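*Asks:* First the structure, which I've put down as structure tokens, then a few questions once you've had a look.
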Amino acid sequence: MGTIHLFRKSQRSLLGKLTQEFRLVAADRRTWKILLFGAINVVCTGFLLMWCSSTNSIALTAYTYLTIFDLFSLITCLVSYWVMMKKPSTTYSFGFERFEVLAVFASTVLAQLGALFILKESAERFLEQPEIHTGRLLVGTFVALSFNLFTMLSIRNKPFVYVSEAASTSWLQEHVADLSRSLCGIIPGLSSIFLPRMNPFVLIDLAGALALCITYMLIEINNYFAVDTASAVAIALMTFGTMYPMSVYSGKVLLQTTPPHVIGQLDKLLREVS
């Protein structure tokens, strides 16, 4: 017969562990600010999805996915605060910073999956284009744009700020940077805003809102419903192009690959040693 443990330590449930970790994060005032923005995000997303259904606009749906991505970024910010407060344990002796990278990687990959879904739906709409109702199209655009910009300007998301600066530039940033250099040559005062490169999240929000405004005008003037599908494809491609470099960078960190800027130094040292 095995040993009977009279005072065996009880195992806490998963819900109990999550509650304990949440209490740890809730001790920081910044957490409640993020939770408030998260609640507003859920309400905004609910209204936007209803307006997507009433307008039958897939371009507005693609833009709404950026608001859902903001919710993922707020969750990543909460994970970042939890990592700062959590002390290394015997299991995770080097700390919990890897969870930040995993949260960034998961958020960017989910955004790209959403973009692929929009591309698939758009391909079907090109074959049979439905009628688009513009009643709530412009309202939804400005609600989503205002909330996304307000969230990014109000909350500093350390993981995404670092990854967006460390990752390679997206094709959208490169094209805007070329235009910005020409513009800053005429108006030098704008160089502090547009150079060396714009924030990728602000850029995709502004570009998506511009695409929806063009969609609204063309439908109102010419009843050109196919432009809604074309705008959805453009927003999906911009989303994919913006998130892909961040996914690659965070994925390489998770795989513990050698950073590109160190490879040349390592080769030089290896030659000296040999």
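Backbone N, Cα and C define each Cβ position, glycine as well.
Relevant sequence annotations retrieved from TrEMBL are reproduced here:
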type	residues	note
DOMAIN	35-255	domain 'Cation efflux protein transmembrane'
TRANSMEM	32-51	transmembrane segment
TRANSMEM	63-84	transmembrane segment
TRANSMEM	96-117	transmembrane segment
TRANSMEM	137-155	transmembrane segment
TRANSMEM	201-219	transmembrane segment
TRANSMEM	225-244	transmembrane segment
*Asks:* How about long-range neighbours of the transmembrane segment (32-51): same chain, 6 or more residues beyond its ends, C-beta under 8 Å?
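*Replies:* Same-chain contacts beyond the ends: 26, 60-61, 64, 67-68, 70-71, 74-75, 77-78, 81, 136-137, 139-140, 143-144, 147, 151, 154-155.
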*Asks:* Which range out of 96-117, 137-155, 201-219 gives the transmembrane segment (63-84) the most CB pairs under 8 Å?
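*Replies:* The stretch with the most contacts is 96-117.
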*Asks:* Apart from its near flanks, which chain residues at least 6 from the ends of the transmembrane segment (96-117) lie with a Cβ under 8 angstroms of it?
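*Replies:* That would be 62, 65-66, 68-69, 72-73, 75-76, 79-80, 82-83, 86, 88, 159-160, 163, 236-237, 239-240, 243-244, 246-247, 250-251, 253-254.
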